[in-house]
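See below for the structure under consideration.
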Amino acid sequence: MSHALKQVFNKDKTFRPKRKFEPGTQRFELHKKAQASLNAGLDLKVAVQMPPGEEQNDWVAVHVVDFFNRINLIYGTISDYCTEQSCPVMSGGPKYEYRWQDEHKYRKPTALSAPQYMNLLMDWIEVQINNEDIFPTNVGTPFPKNFLPVVKKILSRLFRVFVHVYIHHFDRITQMGSEAHVNTCYKHFYYFVKEFNLIDTKELEPLKEMTSRMCH
């Protein structure tokens, strides 16, 4: 593993503890299946397809947690360069600005700096995926009716992390020699959300040109 990639994986100070799947659970087995597909070098378009006989919500839940962990790591590698001064607005170039809204402090869409937005976003996602009422860990516990709407919101917001990193911090990713890793993670994410129709096309607009070149 290159020194740059070691940095990608070892820089723990900005990260929350990973949400892990308990060994012996159905989710853990699915997680292993998903990892095995990736490790086998399967085409990512094929790797995201649901194995026969599995429940879609289970497959989606495993991937949402995995993407959260991976994208959190990617943002952490550039977080020292994403400051109140460098990124006073959470944006993806001049055309796209993202405002934060939640059920607590920010009830109306609010303009924030990128680091503030990212911290609120990662905290909010962590609360969702650790909420047993939304992401049940016990096999046999049904998923709630609002599971997919919550998942769509999580994934749309995680996509904004890619937008900001690619448009504002890709020079840093390149300097670290991590672009192949980030590109692979992006392609995996993109094929997954397209396979299960989990992000509106208009949300994908900011990276449309790059995506058409990268994900044929």
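Glycine is no exception: its Cβ is also placed from the backbone N, Cα and C atoms.
Database features (TrEMBL):
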BINDING   CYS82, CYS87, HIS164, HIS169  Zn(2+) binding site
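Annotated features taken from TrEMBL, shown on the structure.
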residue: CYS82; record: Zn(2+) binding site; Cβ neighbours (10 Å): 21
residue: CYS87; record: Zn(2+) binding site; Cβ neighbours (10 Å): 19
residue: HIS164; record: Zn(2+) binding site; Cβ neighbours (10 Å): 24
residue: HIS169; record: Zn(2+) binding site; Cβ neighbours (10 Å): 20
Around the Zn(2+) site (CYS82, CYS87, HIS164, HIS169), what further same-chain residues have their C-beta within 8 angstroms of the site's C-beta centre?
ILE78, TYR81, SER86, ALA114, PRO115, MET118, VAL165, HIS168
